[in-house]
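Input: one structure, supplied below.
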Amino acid sequence: MLDYKLLPIHEIDSTLGHESFYPEMQRQKRNMLILDLPLPEYTVDIEVSLQDSSYLEPIKDYFRNSLPINISNVQTTVSNISITTVCQPSGENSSCCFCENGYAWPSTVCSDVMPCPSLSLEPALPCGYMQEMPFYGPYCEPQTEESCGMGEPIVMNMSVRLDSDFQDDLKNSSSVLYQKYKADLEKAFYDSYRCLPGFVSATVTSFSPGSVFVNYEVRTGAASFTQLGDSHRAVQNFLDSFYQLNPFTFTRVITNETNFTVKPWSIFEGDTVRLTCEINSTFTNVTWYHFDQTISNSSRYSIETVLATRRSILKITDVTMKDSGSYSCVFIMSSPYHTEIHNATETISIFPLQVTPNFEDIDVTCNSPEVQANGLLLSCCIDRHLTSLKVSWKVNGTINITGVSILNGNCTEYQLSINESLCPPEMSGAVTTYTCELETGHGARRARSIGVTYLRKAHVTISSTNTRVSEGYEFNVTCESDVSNYDSISWKIQSENDTKTVDCVMCIKNYIFPATSVLTVKSASQDWRGTYICTFSQKNLDSSANVTIEVISLPLKQNILIDPIATSIQCQVPRALQCCIRAETVRDYRVTFWVQQNEFQVEEKKKDNLLCYMYNHTQKECNKDEEFMAYCKFINRIGEGVDSERIRLKLIPEKKISCSDSLGIGTEGATLIKPCSDVKNAKGFTRGNVTYKCSNGSWKVLRNDCLSVPVNDLLSSAESLVNSPEAKAQLPSYLAQLKEQTKKELTTINNSSANVGAIVTILDMVSSIPAEAEEQTMQNFLSTVDLIVDNSTTEVWEDLNNEKTRQSSLLLQSVENFSQNLQPVNNTIPSVSANTVQLQGIVVKENNNTDYNKEFSSSKNLTVSVLISETEIQTLTQNSTIVSVMYSKLGHILPRNTSEYVNSLLITTTLSSNRSQKFEVNMTFAKNDSSLKMPKCVFWNFTLNNQRGNWDNRGCTPTESGDYVICSCNHLTSFSILMSPDGSSSDLTFEDYISYIGLAISIVSLMVCIIIEALVWKYVTNNTTSYMRHVCILNIATSLLIADVWFIVTASITDQKQQMSRNICIMATFFIHFFYLCVLFWMLSLGLILFYRLVFILHNTSKTAQKAVAFCLGYVCPFVIAVITIAVTLPRNSYTRKDVCWLNWMDSRALLAFIIPALIIVATNLFIAAVVIIKILRPTIGDRSSGQERKYLFQIGKSVAILTPLLGLTWGFGLATAIRNSDRAFRILFSVLNAFQGLFILVSGTLWDKKIQEALLKRNSSSKWSSQQSKSSSLILVTPMLAMSYPFSRTFNNLCGKTALPMLNHVTLKGPLPRHTQKAPGSHQEVDCFILTKLCLGEFFWNNHFWLMCKAGKLREVEFYKVCQSQKT
């Protein structure tokens, strides 16, 4: 480079010619001569091209001494001559250029200069850089801090793979192998990278497995991607092939040259986040990572990459807490020999946007003065300040009270203005939701709701039917509120300094619309006096009202002792009557005696602990054996009264008196009933009575039903308890007392049915009180039950059952009620056991997923288990209870049939929630006596046997399995199994065999009868009378066939002791009842037709009318009776019997719906049969021989044989079987006659019918049946059987199946017939009249007047005999 100055400024370029001073080498030099000229100055660059570098120094000297520039008037000065850039040819169009010492390439071309290819592995050669030829710069410049390679070196982290097996020594930096690898590789790296701009060093840092990865760092200036690639390619030239270096695996990871930005910096759940990575170099692709997971485009993630801006943006919408963590962007630029990775990582934290309200829920009283004055302030806050926070409030509710929103820092406030008019009483309790919604401005949104319950203090009114009530009287207290949405209603009674909470479920009835609570006290006592406070509660707001009730003293009816209870009195003789009460009671009563509606004054007298009111009654109006009543009436100061029990008085004549002493008078065998009095008893008397009987002139105790004093006190206490306002609270202590007293009085109780009955009554009363399911309370109740069913009380229970009391049934019902009313404690029902009674139960929880399966075992190792499926339990309401109670003794004291025995434990299962639909339960009973047969699953039906209860098997199906019986029932109550001593078929009686054989024969006979009727129908129904006869017989046979089939099927199932579905049994009973009634009513129809044709001989009714009447009578009447029967009795479960499928008798008398119609029809048809016999016996014209008399008797017998089965007269024998203790012969006779009824109908109604016989014989012959009919006009001899008036004979024959051939015996026609009668008569009436005339006038000439009268229908049967007699005369 030659620098010089020119004045004036002028640039001169001079190029020396090429000379070959050194032919082996060519050098090109450019010299600049700087002339010291006055301004303006010019810099002149002179480029010198030399092929021999030896000329360089001479040229320098030349330019220093003389400047080959000839410019006039220009002064030139050479200021400096220096060599900056030396280039040598390297190919046709390129050269390899070097900077001289002290010079360097300018920074602008640093990344573009490429090292020249090395001609050998000798690293001593200087580093040249490729330039294009001709070369026009830029040239090397004096070194500065800005020159290429002169800055602070950077560290490049590199890695390359050696395709050889990794050895563990490479992990140890002090191992020989490690050191060898390190030295060889560093030398190769140095030789390859030394020409990079600003190169300092190349150092191996570590080896890692995966073949062998060499991790190293290169300290150099800013080298370009291409420069690094070319350097990587040269490494393998300096490294032994032993290392198997893979030249395509060079990788550089750059971590500090990527600009990574996150917006927004404070991120909340729900925000949209933008992550931006930007680098200053080109790249081919970019990848985003969340932790180690690659992120790709999806609904929430979107990646936008712009190559031109060298930027990639990751957008995440609706971020969640899971989106927290490190995010990495990886830019990759690759070539065959170099891969460059730009990597940047940022960790973001996502915070929940927590909104905190000042209230979760709040109750506000609208009509509170304070609330109306101050309103209500609601607020929502977040935990950090946001400048872009947006806030809104939403109001949702039936009460639309709004406010004003205020933003205060991180909080938003909402001030409500509350007015009473905005929340009316009917809306009290309504909830309005206020929702504050906050937004961050980047998409995150959070809302919190505050529920404001607007309450209104209720206006409560209270009233009572009476403010002054007498003891024992009923009264109501009604409390009403204008707010209907109450949560609860409570009642308290405040008396003096005592406040009692009324806890009586049966006493209080609550209603919602209108909001009303009615407290009903059935029997007032002093416990009920005081101020009644009724409180309606809604949330924490109470509204109350009160009223004061005064209870006025009045003795209770059961506390009035009457003496006597029942006695006899004598006319005109005074008899002392008295009523007594406890002496310490209030005495301000007005007491009178009433006898036969007459009032009498009494005398007051104190007797021991009793205050008695006495009256001597004298009966003045005496009627024979009159009975009447007397009683005393107590009236208190407010005019309310109570009557005592009635005293029964019987008037007897003096002469009949047998017993007479201080007890009273009476006739022999009469009874006298006196009350039980005990002077030792503080109460003066005990409940019960003593019955005396007059025997041999003196009164003897017949029965003592007095209660012991402790039992009497327990009964009185129980009556007070159930009527107490604190019955539930006092129940546990009373049950403890009941158990202890029962145990103490056990000996007395065992000998007194009255005491046992009283204990049962007590248990029944207290079982209506809901009890907390405390173990001790339950134990006391069950122990009391256990005590009174002990073996020692067996005789007492037999006496009670013989007296037809309902105490045993009542005891079972009391346990059911007690278990059903149990209220769980801590969501549990404890298991409790007494000696013979055990209780287990559960509380139904939400999402119950287990079966109810409880097993019980008695002291005799008898077991019973109860199973209710999970699906059934899931239908129950939450917190309802299922309780099972097992009894080992109670089942044996219940009334039963003498032929069946309770052969297992008794189990009761109850539900606290009422269910009207079916509820499936399975029980497995162990048999007590395996010798008993015929198991029957039964439950105790409290409504049967006049409310005394009885076993019932409806809804239950037994399955016998060895020593166990499994009962499947569709309802809940008390269950057990009944079994009989022997259930084999050998129990079938003679009557049963007759029934089965007879019914089988009848069914076959009836089928034959129907088939025959079908075959000959058109031959035998040629006139109305015969048609109706066969219609009746056909319907009788059809109905009887159906009824017999139903009967024999159900009877066989019952006799085989197989269980039948209740619905099938009901259906079978209905059809048997209906079709047997059809049989009877069709028999009635047949009888009525016979009667009609016999009595109204000359009257004719159309076939259609007769058929309509017959079908209505035969089917409509039975249907109406059967439907009414089932409709009345089925709802009461008393339609069928328990043991057989037939109409019930014991409970509903449903059997009368069959007996009454049957008896009426039998009586009617018996009358009709009598009319037939009388008609046969009525004397005919002329005398009869003895032979004819015998034939008449034979015909009568034959007619009776025909009519009896057809008219159903055999059913009349059923009346004899209904008589108690009737002879067995009647039952056998009834069985034979009715079982074979189908056979009798076949014989008498079909096979004896001559028309049918002839029709069957001639059905397929060529002769016509009409020719046989033509014989009806011929006059041939008739058998003596029909030697009676012809209209009756013909009618009877048509009805009874005889051929209608008018044959006259010993009658000869004389004289010619009229012309209109010489041919066969044209109508039935003409035939009848023709024969009538001939019967009467057979021995005389034809009388045309008689014929015309008959044919015109003006001649009746009675007139016929009169006219005929006169004609004969």
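Positions of Cβ are set from backbone N, Cα and C atoms, glycine also.
Feature list, courtesy of TrEMBL:
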- 150-262: domain 'SEA' (DOMAIN)
- 247-349: domain 'Ig-like' (DOMAIN)
- 357-453: domain 'Ig-like' (DOMAIN)
- 458-548: domain 'Ig-like' (DOMAIN)
- 828-985: domain 'GAIN-B' (DOMAIN)
- 991-1249: domain 'G-protein coupled receptors family 2 profile 2' (DOMAIN)
- 993-1020: transmembrane segment (TRANSMEM)
- 1032-1054: transmembrane segment (TRANSMEM)
- 1074-1096: transmembrane segment (TRANSMEM)
- 1108-1130: transmembrane segment (TRANSMEM)
- 1150-1178: transmembrane segment (TRANSMEM)
- 1199-1219: transmembrane segment (TRANSMEM)
- 1225-1248: transmembrane segment (TRANSMEM)
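Each of these features: where is it, how hidden is it, and who are its neighbours?
Helix, strand and coil counts under DSSP for the domain 'SEA' (150-262) come to 42 helix, 37 strand, 34 coil.
Remote same-chain residues near the transmembrane segment (993-1020) are listed as 1026, 1030, 1033-1034, 1037-1038, 1040-1041, 1044-1045, 1047-1048, 1051-1052, 1228, 1231-1232, 1234-1239, 1241-1242, 1245-1246, 1249, 1251-1252, 1255-1256, 1259, 1265 (criterion: CB distance under 8 Å, separation of at least six residues from the stretch ends).
Sequence-distant contacts of the transmembrane segment (1032-1054), counting only residues of its own chain at least 6 positions beyond either end whose CB sits under 8 Å from a CB of the stretch, comprise 995-996, 999-1000, 1002-1003, 1006-1007, 1009-1010, 1013, 1060, 1065, 1068-1069, 1071-1072, 1075-1076, 1078-1079, 1082-1083, 1085-1086, 1089, 1110, 1114, 1139-1141, 1206, 1237-1238, 1241-1242, 1245-1246.
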Any residues 6+ beyond the ends of the transmembrane segment (1108-1130) with a Cβ under 8 Å from its own?
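Contacts of the transmembrane segment (1108-1130) (Cβ under 8 Å, skipping residues fewer than 6 from its ends): 1028, 1031-1032, 1035, 1039, 1066, 1070, 1073-1075, 1077-1078, 1080-1082, 1084-1085, 1088-1089, 1143-1144, 1148, 1150, 1153, 1157.
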Of the residues in the domain 'Ig-like' (458-548), how many are helix, strand and coil by DSSP?
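The counts are 3 helix, 55 strand, 33 coil.
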Do you know the mean pLDDT across the domain 'GAIN-B' (828-985)?
84
